[in-house]
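Take a look at the structure set out below.
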Amino acid sequence: MRGPSGALWLLLALRTVLGGMEVRWCATSDPEQHKCGNMSEAFREAGIQPSLLCVRGTSADHCVQLIAAQEADAITLDGGAIYEAGKEHGLKPVVGEVYDQEVGTSYYAVAVVRRSSHVTIDTLKGVKSCHTGINRTVGWNVPVGYLVESGRLSVMGCDVLKAVSDYFGGSCVPGAGETSYSESLCRLCRGDSSGEGVCDKSPLERYYDYSGAFRCLAEGAGDVAFVKHSTVLENTDGKTLPSWGQALLSQDFELLCRDGSRADVTEWRQCHLARVPAHAVVVRADTDGGLIFRLLNEGQRLFSHEGSSFQMFSSEAYGQKDLLFKDSTSELVPIATQTYEAWLGHEYLHAMKGLLCDPNRLPPYLRWCVLSTPEIQKCGDMAVAFRRQRLKPEIQCVSAKSPQHCMERIQAEQVDAVTLSGEDIYTAGKTYGLVPAAGEHYAPEDSSNSYYVVAVVRRDSSHAFTLDELRGKRSCHAGFGSPAGWDVPVGALIQRGFIRPKDCDVLTAVSEFFNASCVPVNNPKNYPSSLCALCVGDEQGRNKCVGNSQERYYGYRGAFRCLVENAGDVAFVRHTTVFDNTNGHNSEPWAAELRSEDYELLCPNGARAEVSQFAACNLAQIPPHAVMVRPDTNIFTVYGLLDKAQDLFGDDHNKNGFKMFDSSNYHGQDLLFKDATVRAVPVGEKTTYRGWLGLDYVAALEGMSSQQCSGAAAPAPGAPLLPLLLPALAARLLPPAL
């Protein structure tokens, strides 16, 4: 008699293996343990394999730890817990819950306002807010996390409750009554009809949960309600509860959108704060997600319909809600991309990052890197001033020899933060992996610290040319090493492949690209003569091409004059230069009769534009300075400290004993921050050095420092550019700052 075939042996072996396996489900409470035991028994009686066992944990966090330690295998978690489990313990989501076929494995967190109001997402500070409950996903975690992550809400020392209580002009946050900020966070709550249960995280508080938070808005207690996408439609147009005392119409409410606009309440797919992922079953990275789904799929096939002996998606028999799975679950589905990032999604991940601040992990000090004796003195005074106001974390001052030395010390975890300019931000990010935590903001009219780099030409229809046709033209530059006059335009032309330096000889390459130029310089040694060919010197013809005002074509005004007087065909200047010297703004004889409409800009796309269209037609925007830190530093804590500090010390006329943005008391300039700074600002979505600097500025820097410098052929479009900085060239010829 022949034995079993190979295929049959494999099947028998697989059944033996599965029969010997078990999935240990982690329960977080006695009622959940009870339901888990019943589910295990139901699965066993139905012959579902592998067998299901129940492990008792004390909380979701404890269960995650048990799974990571291989003492349990699976648990269903909400989005916030999935984020922590994935980020801290490497767990992965494998099975998702479905609640509503319209939105599938997710729902949407929205901010609702009355249509008659003028509130937007950018004007929430000071308004009255209605929340479903403390630490609830839609009513608290998403809106608060989003406001923090987007920079609208600053948090000092991880004290989110205080930050929210200071931000809104009163709130109802059911469950916040036991906190230190209950006066503000419970101010709008009213309890039940007899005034009992005020601010309880239960139905005793009339403004609790989704419908309660919306009622808080509808009755005029609050100005904005943070609820889910279906809440308004479930409580208006004839569905309003009689106890509310009024009939509500959905058309009387609108949603706040992330871009500052508003939309109808039916437009929640396009206008929301975040898509909230459904709960999901998580397991260790080495666990077969397909096996878990097959187990649960067999279970839901038998035990998710009415009349079945066990109800997987009901907790009514146990006197609780949402045990093992949410009671609103209609189906369990397999997750294709089993990473916590993919499951949670971009919007929700960003909101969670805004809340990821553990006071117990917050370092007591923020070590600031300083570069000079005056800066040490100012930093010391800043540390004392912050300490007196109990600002956290406290400041410590650590000296370094140079910006690059600061970067090295930050990377080595010897220092935490330093304020850097554009080129140094590039080096800090690309070479040392640092990221921006906060930025400087200057006055809108301050063109010396925040501006666009533009290429200006005469409006000439008969001899018009584009940026791609600059070879052989005559060029006017503010000076060698000036950001708008040299670094950005030359870098942009190199990056686009028009100028190709050989053996790092940028000067010769530029001199051969243009027919003639005026590029004033301090030290003309080994300087190509054509780069001075258009320069005119002073009125007596002396000091030709020197890197100061004795050369009439020096600086941005001088470069424009070079163009005006027909010495050059193109001038590389700031976007304000034309306006500063035309239409009567400059009374000097050469500029007195000039009109701005007689000039145009050359755009990177090959077009020309009016000089007023500089925001859309420029070579790059010079970025503001930024505070740079290690990527593991909580940037919201850094900004939270600076934001609270500038409320006290940011005004140069404040009476609090220290001026953050003024260096005059220390006999220096731009110490710790540029003196022109009006406010420190959050980085928002610009969380990388490339994001902060902007693509055009980075491209210009990479053009100046790329492999093209060594004579390599221009890369194909989209090819990476390798950094090879040119410190020797800059040190040899760099003139004073322009």
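Heads up, the Cβ atoms here are built off N, Cα and C, so glycines get one too.
For Cys172, the disulfide partner recorded in Swiss-Prot among Cys186, Cys189, Cys199 is Cys189. Looking at Ser129, Ser308, Ser462, Swiss-Prot tags one of them with phosphoserine, and that residue is Ser462. The Fe(3+) 2 site recorded in Swiss-Prot includes Ser421, Tyr556, His625, and the single candidate from Tyr451, Tyr527, Tyr666 that the record places there is Tyr451.
Cys130 is paired in Swiss-Prot with Cys216, the candidate among Cys54, Cys63, Cys199, Cys216 named as its disulfide partner. Swiss-Prot records a disulfide bond between Cys36 and Cys54, which is the match among Cys54, Cys63. Looking at 20-30, 42-52, 350-360, 515-525, the range annotated in Swiss-Prot as region 'Antigenic epitope' turns out to be 20-30. Among the recorded positions Cys63, Cys130, Thr132, Cys186, Cys271, the ones whose Cα sits within 10 Å of the Cα of Cys172 (disulfide bond) are Cys130, Thr132, Cys186, in sequence order. In the region 'Antigenic epitope' (20-30), the DSSP tally of helix, strand and coil residues is 2 helix, 6 strand, 3 coil.
For Cys189 (disulfide bond), the nearest neighbour among the recorded positions Thr132, Asn135, Val138, judged by Cα separation, is Thr132. Annotation for Asn135 (N-linked glycosylation site): spatial neighbours Asn141, Gly175, criterion Cβ-Cβ under 8 Å with sequence separation of six or more. The two recorded residues, Cys54 (disulfide bond) and Cys26 (disulfide bond), have Cα atoms 6 Å apart. Within 10 Å of its Cβ, the residue among the recorded positions Asn38, Thr132, Ser462, Asn515 with the fewest other Cβ atoms is Ser462.
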